Amino acid sequence: MAFPLLSLIVFIPAAGAAVLMLLRNDDQVRWTALGVTVLDFALCIAMLAGFDTTTHEMQFTETRPWVPALGITYALGIDGISALFVFLTALLGWICVLASWVAIDRKVKEFMVSLLAMQALMLGVFCALDLFLFYVFWEAMLIPMYVIIGVWGGDGRVYAAFKFFLYTLAGSLLFLIGVIVLYFHGGETFDIRALMAQDLPFRVQSWLFFAFLIAFAVKVPMVPVHTWLPDAHVQAPTAGSIILAGVLLKMGAYGFLRFSLPMLPEASLYYSTLMLSLSALAIVYGGLLALAQDDLKKLVAYSSISHMGFVTLGIFTLNLRGLEGGILQMFNHGVTTGALFLFVGLIYERTHTRSIADYGGLMKAAPVYTTFLALFALSSMALPGTNSFVGELLVLSGAFAANLAVGAAAVLGALLGAAYLLGMYRKVALGPASVGVRFKIRDVNARELVAILPLAVFVLWVGLYPKPFLNIIGPSVRHLLTQVHSNGGGQ
Amino acid sequence: MTAATLFQSILASLPEIVVVTGACILLILGQLVPKGQGYFLVWASAATVLVAALATLLLAGEVRPAYSGMFIADRFAVFFKMVFYLSTILTFLLSRKYAEIEEIALSEYYVLLLFALSGMMIMASATDLLSIYVGLELVALSTYVLTGFLRKERRSNEAALKYVILSGVSTGIFLYGVSLIYGLTGTTQLDGMAAAVTGDPLDPGLLLAVVFIVAGLAFKVGAVPFHMWVPDVYEGAPTTITAFMSVGPKAAGFAVILRVFLNPLVAASDAWIIVAVIAVVTMALGSFVALVQDNFKRLLAYSSIAHAGFALFGVVAGGADGIASVMLYLLIYAFMNLGIFGIVIMMRNGDFSGEVIEDYAGFARSHPGLALLMLLYLFSLAGIPPTAGFFAKFYVLVALVERGFVMLALIAVLLSAVAAYFYIRIVMVIYMREPEGAFDPALTLSVRATLAITAAGTIGIGLFPAWFLRLAQHSAFGG
C-alpha cells in the first residue's frame, strides 16, 4: 500500500483535537491548533503538487475492508473536483483558527477541539470513496457544528443551532434511505466508483434523485429549504460562519457532482430544467433578501443563497462551461464569502454591532480594512479581474446555452448583487466618519492580516490567471459530462 | 428420560442452573453477612454471573436441545445471554452506591436481580410456549418486587402495583393465545406448531392465537398499545432497576418475539402486518410524547418505547438480516442506554434526584468529561454517526430495504429525526445553559468502570462494527 497521504490529511486534525484535550493553557491551545492546521495545509499543498492533472481517475487511493459483511470499505481518494475542496478546507482551517484567536475568549480548548474535529470530518467527506464512509463523515459533522453554533454563538444561538441540526438531519436521513436503496440496486456495494458504473432504471433514478435532492438542497441551501441558513450564520461565531459559508454549503453541491450526476444521469438530465429554475429562483430571491438587510452578517448570509444559486445553476446546465464555472464558483464563494464573514467578524469584535446603519466613514479609521473589504466586495459582485468574474462568466455562458430564460434571470441576480454590495460598502466605508466618533476603531493587526492576505491572493490569482485551477478540475469535469450524457443519453 | 438425556439437558442448562443456585446461596448468605459488608454481595453476585457467562461460552460450540424440546442452547441464545450478563453486571456495578444512598442495599435486591436474569436466560433458550411462559413470569415477578423496592416512596409502590396488575393481564392474554394454539395444533412446541397444522395455515383461529401471543409479548417490550405501564413503572422504580428493565427484560422479550417469528406458522400468517403497524405506532408515540417530558426517567422511558419500535422494524424485515439487525440493535442499545442511565444514577446524591432535565443546566461547565460522555450516549441514542447507535439503526434500515419495505424505512427514519430532537434538547441543556447549582455526582470506582465500559461499547461498535455484525449474523443463522 502506498503512502496514506489522504488518511494523514483527514486524521491529523482529529489527532490534533485529541492532543488539545490534554492541554491546559489557552495560548498553548491556540498555537497547537494553528500548528496542526498549518501542517495539514502543508500536506494539502504537497498533495496538489503530486496531483496528476491529466487524468480523471481517483488519485492517492487507499482501500481497506471495514465492514466486509455489508460491502463497506474504508476507501479514500480524490479527483480534480474533490482536490480543490480538500485544499479549500485546509486553507480555511487555519484562517478559522486565526479568526477565533481573540474572538473566542471562553472555553477556548473546547472550541478549538470542535473546530479541528469539524475540519477532519469535512476533509473526510471530500476524500471518501465509500458511500457509507461518506455518510458517516457527512452526518458526524452535525455534532461539532451544532456545538460551535450553540455554545459560542450569539443570543439566539440555541434556536439557530436546533434549526440547523434538525433541518440537516431530516435531509440527511432521506439521503441515508436513498443510499441504502442505491446499495441494493447497485449490486450490494457502497463503493462509489462501482456505483457510478451502474445503469439504474429511470424510475429508481427518479426516486433517488429526489431523495438526494432534499438532502443536498438543505445543505446548499436552495430555496425553499434555506431558512436555517440566515439564523445559523447570524448566530454562529466568525469561524463558524466561515466554515458554514466556506465549506459546509459546498457539501450539497459536491453531493450533486459526486452522486446525482454520475449515478443518476438520466434523472439529472430529465429534471435539469427544474433544477435550473430552482437555482434561478435562489439567485434572484436571495439577492432581493440581501438587498433588504440592515444586518451585515445577514446580508452576507442571504448573498450566499444567491451565490450558491449560481453554483447549482452551473452544475445543472450540464455543459462544460457551466459545470466548470459552477465548480470554480464553489471555490470562489468559499474564498470570497469566507473573507466577507471574516471581515464582519473583525468589525463586530471592535464595535459589537452588526447594523449597517451604525457604521459610516470607516475608510478614515481603518484604511487597510476598508481597502481589503472593497476587494472582497468587488469579488463578490464578480468584477472583472476577480475570481468570481471568471466563475460567473462561465456559469452564465453555460446557462444561456442551456436555457435562455434562466440565463436572463441569473443576470438579473448578478445585477442585484452589485446593488446590495455597493450599497453596503457605501454605507459602511464611505461618507462622513461617524463611526470613529462612537467607537474606538483600530485597523487590522498583523495576525488578522495573515488571515486576510491569502484569501486576497486567491481572489486575484483566480481572477487573473484561472488556468491552474481549471486544469485541476478539467479532466474530472469532462469525464463527469461524458458519464452524464452517454449514460443518460436515452432521454 | 434416560440418565444420559437428563445429563445432556442439565449440561445445556448449566448457566441457568449456576445462576439459580448462586441466587439461592446468596439468599441464605445474605442473612448471615453482617451489616456494612454489602460489597460482598455485589461481588458474589457478579462472580455468579461471570461463572454463568463462562459456562455459556464453553457450551457455545454446538446446538443442544434439552428437556424434550422445551429448551435449547444455541448460538442465538448465547448471544442474548451475553447481552443479559452484560446488563446485569453493569446494573450490579451501578447499584452499589445508589442502593446505599436510597437505603435499599438488602441482599434480596441482588438475589432478585439474579432470579430475573435466570428468567431472561430461560426466555432466550425456550423453544416451547410453556417454557417461554415460565421465563416470562420469573422475570415479571422479580422485577415487580424490585420496582417497589423504594418502600417509603409512594410512586414506587404505585408503580409496582400497576406493573403487577398489567403484567398479569398481559400474561393472561399470552396464555389464552397459547391455549388456542394447543387446541388447534395439539402442541405447544414452536417446532411442532407449523408441522401440526393440518388445514389452512391462515385459519382465522390460528391467526387469533398468534395475535394474542403477539399482544402478550408486545406488553413485555413496551410496544403500543401495551406501553401504558412503561413511563409510570420506569419513573417509580429505583433508577438502577429502570436501567436494568429497559435493557435486559426488553431484550429477553425480543428474543422470544424472534423465536416465535422464526416459526413458519407465524411467518405464513400475515402477522408481520400487525407487527409493522405496532412498530410504526410505537415509534411515533414514543418519539412524540418524549418531546414534552421534563423528567429524565420518563423521557428515557418514552425513548425506550421509541427504540422498541425501531427494533420491531427489524422483526418486520425478518429473514437472517432482519433477525441479526434486531440482535445487534439490542446489544448496542444495552451499551448506550446503560451509559445514559449510569449518568442519571450517578447524579442521585444527597438531596439531588438527578431526575429533572432542567437540573442538568450547565453540567458541561462543572464536569466537562462527564458531559462529553452524556453527549456521546445521547448522540448515539439519536443515531448520529460515528456512534454505535447509528450503525444499529443503519443495519435495521438495510434489512428493511432489502425486503423491499422502503416506505417503512422512510417512516422509521423520519420518526428518528423527531426522536433526535429530544436527545439534542438535553445536550442543549447541559452545554448551552448556565449552571444553577453545584453538582456532586456519586462517582465511585464501579460507576466509573460502568461508564468506561458503556462508552467503549458505544464508540467502539460505532467505529468497528464488523466483528459485532458478524457475531450477530452468525448467531442469527443458528436460530
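Keep in mind that glycine also has a Cβ here, set from the backbone N, Cα and C atoms.
What TrEMBL says about this one:
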type	residues	note
TRANSMEM	B:40-60	transmembrane segment
TRANSMEM	B:72-94	transmembrane segment
TRANSMEM	B:106-124	transmembrane segment
DOMAIN	B:126-416	domain 'NADH:quinone oxidoreductase/Mrp antiporter transmembrane'
TRANSMEM	B:130-151	transmembrane segment
TRANSMEM	B:163-185	transmembrane segment
TRANSMEM	B:205-229	transmembrane segment
TRANSMEM	B:241-261	transmembrane segment
TRANSMEM	B:273-292	transmembrane segment
TRANSMEM	B:299-320	transmembrane segment
TRANSMEM	B:326-347	transmembrane segment
TRANSMEM	B:368-392	transmembrane segment
TRANSMEM	B:404-424	transmembrane segment
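Cβ atoms under 8 Å from those of the transmembrane segment (B:130-151) belong to residues 67, 70-71, 102, 104, 108-109, 112-113, 115-116, 118-124, 157, 159-161, 163-164, 167, 171, 174-175, 178, 188, 220, 233, 236-238, 241, 244-245, 249, 252, 256, 259 of the same chain, restricted to positions at least 6 beyond its ends.
For the transmembrane segment (B:40-60), the list of distant contacts is 11-12, 14-16, 18-19, 22-23, 26, 29-30, 33, 73, 75, 78, 81-82, 85, 88-89, 92-93, 95-96, 107, 110-111, 113-114, 117, 121, 446: same-chain residues at least six beyond its ends, Cβ to Cβ under 8 Å.
Highest Cβ contact count with the transmembrane segment (B:299-320) among the listed stretches B:205-229, B:241-261, B:326-347, B:368-392 falls to B:326-347 (criterion: pairs under 8 Å). Looking at which of B:106-124, B:163-185, B:205-229, B:326-347, B:404-424 has the most CB pairs under 8 Å to the transmembrane segment (B:368-392), the answer is the stretch B:326-347. Here the transmembrane segment (B:241-261) does not lie next to the transmembrane segment (B:163-185) in space: the count of CB pairs under 8 Å, restricted to residues six or more apart, is fewer than 3.
Tertiary neighbourhood of the transmembrane segment (B:106-124): same-chain residues 15-16, 19-20, 22-23, 26-27, 29-31, 33, 41-42, 44-45, 48-49, 52, 71, 76-77, 80-81, 84-85, 88, 91-92, 95, 99, 131-132, 134-143, 145-146, 149, 244, 248-249, 251-253, 255-256, selected by CB-CB distance under 8 Å and a gap of 6+ residues from either end. Long-range contacts of the transmembrane segment (B:326-347) within the same chain, counting only residues at least 6 positions beyond its ends with a Cβ under 8 Å from a Cβ of the stretch, are 76, 79-80, 82-83, 86-87, 90-91, 94, 98, 239-240, 242-243, 246-248, 250-251, 254, 258, 296-297, 300, 304, 307, 310-311, 314-315, 353-355, 359-360, 370, 373-374, 376-378, 380-381, 387-389, 391-393, 395-396, 439, 441-443, 447, 450-451, 453-455, 457-458, 461, 465, 468-469, 472, 475-476.
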